[in-house]
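Student: Not my notes, these are from Swiss-Prot:
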type     : residues     : note
BINDING  : Gly76, Ser79 : Na(+) binding site
TRANSMEM : 1-21         : transmembrane segment
TRANSMEM : 34-54        : transmembrane segment
TRANSMEM : 66-86        : transmembrane segment
TRANSMEM : 103-123      : transmembrane segment
Amino acid sequence: MSDILFVSIGAILGANIRFQIHHKLGNLNLDKGFLILIINTFASFGLGLFLSLVEQFRAFTYSYQLILFFSIGFFGSLSTFSSFVYDLFDLCLQLELFRALKLFIISVSIGIIAFAFGLFLGTQ
């Protein structure tokens, strides 16, 4: 099977799960930036956990395709970087520079922590 197909199937699943999470949490009337933070944190954690477990798949014939499926396809599509950037840009246009900076710092920091925590859990 083509590598592109593995990435594509993972992306379809990731995008649909992102849509479902956004839809379900959107009913709670949370701030849009906070929703994006939750989804991106979940994706960062999942990617970290997956990458820490990759070594177990090395002996599997399709290990490279699994990496493509999950890391680029699924988790790449699940995260919402473009929405994150749009929110930052929108805050800057509204001259809410402190809120934009706060959103940037919190989102990147929590994303790195979630990724590292996923890596840590996968090695335990």
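Even glycines carry a Cβ here, placed using N, Cα and C.
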Student: Looking at Cβ-Cβ distances, which residues of the chain lie under 8 angstroms from Ser79 (Na(+) binding site) while being 6 or more apart from it?
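Tutor: When sequence neighbours closer than 6 are ignored, Ser79 (Na(+) binding site) has Arg18, Ile39, Asn40, Ala43, Ser44 within Cβ distance under 8 Å.
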Student: As a test of the contact definition, list every same-chain residue at least 6 positions from Gly76 (Na(+) binding site) whose Cβ is closer than 8 Å to its Cβ.
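Tutor: For Gly76 (Na(+) binding site), the qualifying residues are Gly10, Ala11, Gly14.
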Student: Check the DSSP secondary structure of Ser79 (Na(+) binding site), expressed as helix, strand or coil.
Tutor: coil
